[in-house]
């Protein structure tokens, strides 16, 4: 579908939605007429009345009749005021007052509604708010608009709280209008078939709206199918609605051609539920009771191939093959419309387009079932039984989400035993216990805490105990023995009264929370209305004639695929294997970029990256190459060299690249990065990129914009050039690409594509390899992205009145905010967003306290994190706050996170409407002074720097990163500030890497050495400018710090030798006995001072660390971070004119002691690592020279690692190296070093002697072998694994290169 067509269809869908919402409402635009004034006195009823003048008929708004309002006989939570508004109406608002001129008013209440005066339903706001706030005095009017509106005949007001100095007093008004309703009753065997006019049907549009109510949990509401497997079905399963759409498209796998959407829950509650289905092209909009699910179908077809008929209530043509149950719907349908056609009206008028099966009626039957709700663990219902019966039996139906709870208890007559029925881990257990006997116990099958209605019957008599669940008998009933048992006089359902009642009910079990109905004792049905009126039994904390169960997993607030489970009062999200954490699986456990991982101190390796944080995109696996900047490396399936022959415009070669991340994930990564690039190598022989006659592209590539791109690596978009054209180095100056020269020899156009909007490359198309001798090959490198634009994005706030403003933050149900700050101020507001009453605010309340304040309609809340140290220390601190429907929390740095649970059944929506203020408030008071960085809201980063450039008092950027991140620079590395971030300067460190944490190690072969000369001779010292200058000339060296590690098995060995022009020296050796010795001679007239460590053999092949710190005559030595010694030197206090530092064998004659001379002659065989002499790193100067250094390497010294390559670290190193070549030049990565030529030189005619021919061939073979070896050595630096196809091509290309280079040899 084209973009224009898609936009038009979406607009039609939106208009259709608005139109059908009006149809569903069934009323005019004006629906706020007062409905109570015209009602007679008989329309009002109540639970009780204080006196005749306080009767319910006096409860009209603003009336002073009687005592001026309704008041019950007793003020408690079981009282109610009911109004019958005459017929089913649409109620849009309510209003309340207290009793006129009295101290009687209601401060909070519930609203219930019903069609029949039975089976009441509780009205809820925001899917969670049950109660309404009432009055604060007797005469003011409190008005509420009901959204959504109510369609009902009866309303009931239930006071919850009232003036503590008075009693319940209430006057009411109800606003609304007439409601148009057409209903049809289907009995589970009946259905309707609508045959419509083909001309009036749109093939791409279906709009169906209806309401239904039922007590059955399963049944088909509508079905339409076609000849090729296409169908559209709406089915009720276990109280949930499923919309099934099968496109029947053969090109799609069955899992993609079938759309299966599910909405709603507990829909078998005998209350009306609204449904709207909009199918427009590929767009599907499915709405149940205001909750919508939008979906786009897969495949190429934009319509379903369906028959010109649709059935309602079942499948009217059972001979058609369907893959689901065919149970008909049993219940009522209301206001049923199909594409604007009133189906019920057609049925009532016996229209021939409607075929009726079975019995239908046009009124909705009302089964008089009375449910009862047990809302709390303290609820119970006590009913009388017949004492002394020889059987104990009871039956009922129940539904619940809880896995624990007491369902039934009854005492046995004459003995202290009893019968217990309870839920244990979601399963039913029946327990009969009697004094002096082992209890009899039964457990029933699968868990029943699934919210569905379940029926249960229990029975106990002399030798039999039984339990039947949903018609299935439980496990074999045990024998109870010969003694008779007799029923007691009371049955307790749902719980037990407190112990003060004298009951022996087992109150140790938790009370049941859920609904029951159809209760019977000894086969006698219980009249629950009589219970409600106080004529039968007694109860506590019950809601009779209503089932108040709700599905707290609908809507599902668990994000990112978290699994929702629930109890009566709350829900829980299982975030296992989602990559997210928190109460609603909102927080990503992974970082958003390799840059963030790097600044947590992580090394190169594979990491999960979540580019949008808590946003909808899932994390993906990427390789992070931690160089000075962090590179994200994303691989694809086309990394091998691909050869192309025989392609022409009518039959092009198309190479498609699929990445390890989705396109949305790739786009988020690219948008976040500072720079991205991807190398595309194109090799050609008589294969052009552009037709030079008319400029038509013959080869091109496609990026994520899905547009044809004709520029190639190293050039700019729309230039139709390659790197050589951009640089003016093409082999033929007439063309802008080497391949366009159309030569019969191999050449290439290779370079990096770096225009972010076009990356990554998803496809390459080649059409010019169909001519004789025409051939091409290509290779696409991984997508490489570096940096994170949001991580260092910052702003500096210079005045308390300054702030940045952004659009309103929308985090209605789930919101998170994270940022870094640093300041020297003692307080200030970081962020604020206001609504009418709702707000969020994050502030530095004091130097040691950060506070998160918010209000979502339940009153203001505050959560604070306090620190033992000050936050205003001009260091970066990280703040993260979150608010969702379950809780609010705040965390700062690594301090303990603080959490505030959300109030039960309180307001959940955060409704803001002002601008978002950053760094200040709308009042320009209590503004923040300092820096804010990396501000993210629900995973989206705000561009602080862009907004700061146009805002007075705020500057883009913020320096001083080294104060917080300088500790990441290790081993003497110096932190250097950058405009965005920092870097570690490892110049004077023995280590390298982004954080100076990669040691430089070397293997020393026998007789090898590294010599670092501080000066060639004494006279040159005063003119030296090298890093060693501080050791030259007349300066006295009174202190040095030496660190290194080593591994060897040879004794004796010389590890380090420092000499001076005055025959003073320091030697570090391993003696013949394996001891480590440090020998200082600071006066040539005296013997050296010797420090010996002989606690173990140091030539044991293990890695050992040595640290020497001398200050004048005091020397501190540490070995392996455990053995420490401090001595005073007797030979002197300083070096004079330091000459050189030697690692390994001493090559020149030196006037040293015998032990040092012996070790110096043997040198060192093994590994030396991270050698540091004050600010000089001799190994680094030798192996990684950044500038000319006075260092000499003798013998076999190669870079190596002194750490054994085992365990996880080895893997990390391997990974790092395998991806470390991404920044190399193009020439380093080409199969040939230069243009490759392949000529068919005729040599035979120039050769006179066969022997001479053989000699030439032999010479050529030797040269080819040399070239192949040279190529393999270069290639090994780039990759250890070369595909066989790539190797074949590269071998062939190198053979041709060798032949070309040796033409002169052939002719000679």
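Just so it is clear, glycine is given a Cβ too, placed from its N, Cα and C backbone atoms.
Values in this document were obtained by computation on a predicted structure and should not be read as measured data.
Checking TrEMBL for region 'Disordered' across the ranges 1175-1203, 1204-1232, 1233-1261 points to 1204-1232. Spatially, the domain 'Fibrinogen C-terminal' (585-636) is not adjacent to the domain 'Laminin G' (1017-1202); fewer than three Cβ-Cβ distances between them are under 8 Å for residues at least 6 apart in sequence.
For the domain 'Fibrinogen C-terminal' (585-636), the predicted model reports an average pLDDT of 93.
At the 8 Å Cβ threshold, with sequence separation of at least 6, the domain 'F5/8 type C' (31-177) lacks contact with the domain 'Laminin G' (1017-1202), having fewer than 3 such pairs. Contacts between the domain 'Laminin G' (370-547) and the domain 'Laminin G' (183-364): present, as 3 or more C-beta pairs lie under 8 angstroms, all at sequence separation of six or more. Non-local contacts of residue 931 (disulfide bond) by the CB criterion (under 8 A, 6+ apart in sequence, same chain) comprise 794, 795, 796, 797, 821, 822, 823, 958, 960. For residue 958 (disulfide bond), the count of additional Cβ atoms within 10 Å of its Cβ stands at 24 [all protein chains shown]. The DSSP breakdown of the domain 'Fibrinogen C-terminal' (585-636), given as helix, strand and coil counts, is 5 helix, 20 strand, 27 coil.
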